[in-house]
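Q: Per Swiss-Prot, the features are:
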REPEAT    164-198  repeat 'PPR 1'
REPEAT    199-233  repeat 'PPR 2'
REPEAT    234-268  repeat 'PPR 3'
REPEAT    269-303  repeat 'PPR 4'
REPEAT    304-338  repeat 'PPR 5'
REPEAT    339-373  repeat 'PPR 6'
Amino acid sequence: MGIYSCSAVLSFGLKCPLVIARHRLYHRMFRRNPLLVESHLNRLCSCKCNASLAIGEVVEKEDAEQSRSFNWADVGLNLTEEQDEAITRIPIKMSKRCQALMRQIICFSPEKGSFCDLLGAWLRRMNPIRADWLSILKELKNLDSPFYIKVAEFSLLQDSFEANARDYTKIIHYYGKLNQVEDAERTLLSMKNRGFLIDQVTLTAMVQLYSKAGCHKLAEETFNEIKLLGEPLDYRSYGSMIMAYIRAGVPEKGESLLREMDSQEICAGREVYKALLRDYSMGGDAEGAKRVFDAVQIAGITPDVKLCGLLINAYSVSGQSQNARLAFENMRKAGIKATDKCVALVLAAYEKEEKLNEALGFLVELEKDSIMLGKEASAVLAQWFKKLGVVEEVELLLREFSSSQSQPL
């Protein structure tokens, strides 16, 4: 819902709708379990799952004997309401042995033993195969359960899991999302010591990890390691390093990699272009934004309203109202519907250069094309007109101007 420009100056009080999210009880069960809230020390020391990935670490005989003493009791008695509800939501398509482990995890209690003891007991009783491990991991990941990483690291050491390089890479990605650099590096080191090939996929995951964590030098060093593999780099490896350069505040280096990709006929993803364009745009680097915008089209990617909006914003921030207006009109000529955000950016560009007459002409053109002003564009006008102290005068002028334009010559 919007308003035409003549009424824009009187409407600035719209409120955003309240969005209420829903949460499944099955998911909440894991989050509310106090056993899942661990300190940094507990995470490193309380369970041997993490420690087992360290170099030279072996499972001692006394640990194995403790595992045998785990009290594997059938679940069903003395359940809380939440536990009972969570159990009923276990996917029926899971195998019986997987359902059994899920029930034990839901009702896990330290009085029965450690969590790794539980996994060891399940391993001996159920003789799981790789498909069972993967089924458990998938469900725990869907639940966003902290038990996921414990099961994942424990499974890597089990013959029945038949671990491969991608299993290690998934754990690196997991730690990357949490910015846990040391844990990811430990996983990579364990992977090397177990004889797995460190390939481009794994190193790209490390580049992403270092980039997100702000370790830009390590990201660049790892990217150079990928080049030393002697294999053609794919768009993911390039894209990860470009994102690292953007986060490091050197988009020029990222743009240089884009040109390198272009010379090898490798197309970056839309999100990479968008991130680079956004960086130039927010910094008011109109020339850089225009170069990236042109590169998007050369790559065969059709610009959408968000990409066009970033280009308009670059001109707006740098005070180039004429170019902002031109980019806006080109967007419309391309058949892209203008958003209120884009209209607001053009108005902001006019405000920065104090071009009131041009702004009024722009508003009249919008009204002629039946384009209504929304909350954001109206707010820009309100701020500008109040600063000038001409709210009522401008409203009257707009109406008179609009009326004169509609009369036949």
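Just so you know, glycine gets a Cβ as well, placed from its N, Cα and C.
Neighbours and distances for these, please.
A: Per-residue pLDDT, averaged over the repeat 'PPR 1' (164-198), rounds to 97.
Residue counts of the repeat 'PPR 2' (199-233) by helix, strand and coil are 27 helix, 0 strand, 8 coil (DSSP-based).
Assigned with DSSP, the residues of the repeat 'PPR 3' (234-268) fall into helix, strand and coil as follows: 26 helix, 0 strand, 9 coil.
If you look at the repeat 'PPR 4' (269-303), the same-chain residues 6 or more away from its ends with a CB under 8 A from one of its CBs are 235, 239, 242-243, 246, 251-252, 254-255, 258, 262, 310-311, 313-315, 317-318, 320, 323, 331, 334, 336.
Outside the repeat 'PPR 5' (304-338), and at least 6 residues removed from its termini, the chain residues within Cβ reach (under 8 Å) are 273-274, 277-278, 280-286, 288-290, 293, 296, 345-346, 348-350, 352-353, 355, 358, 362, 371.
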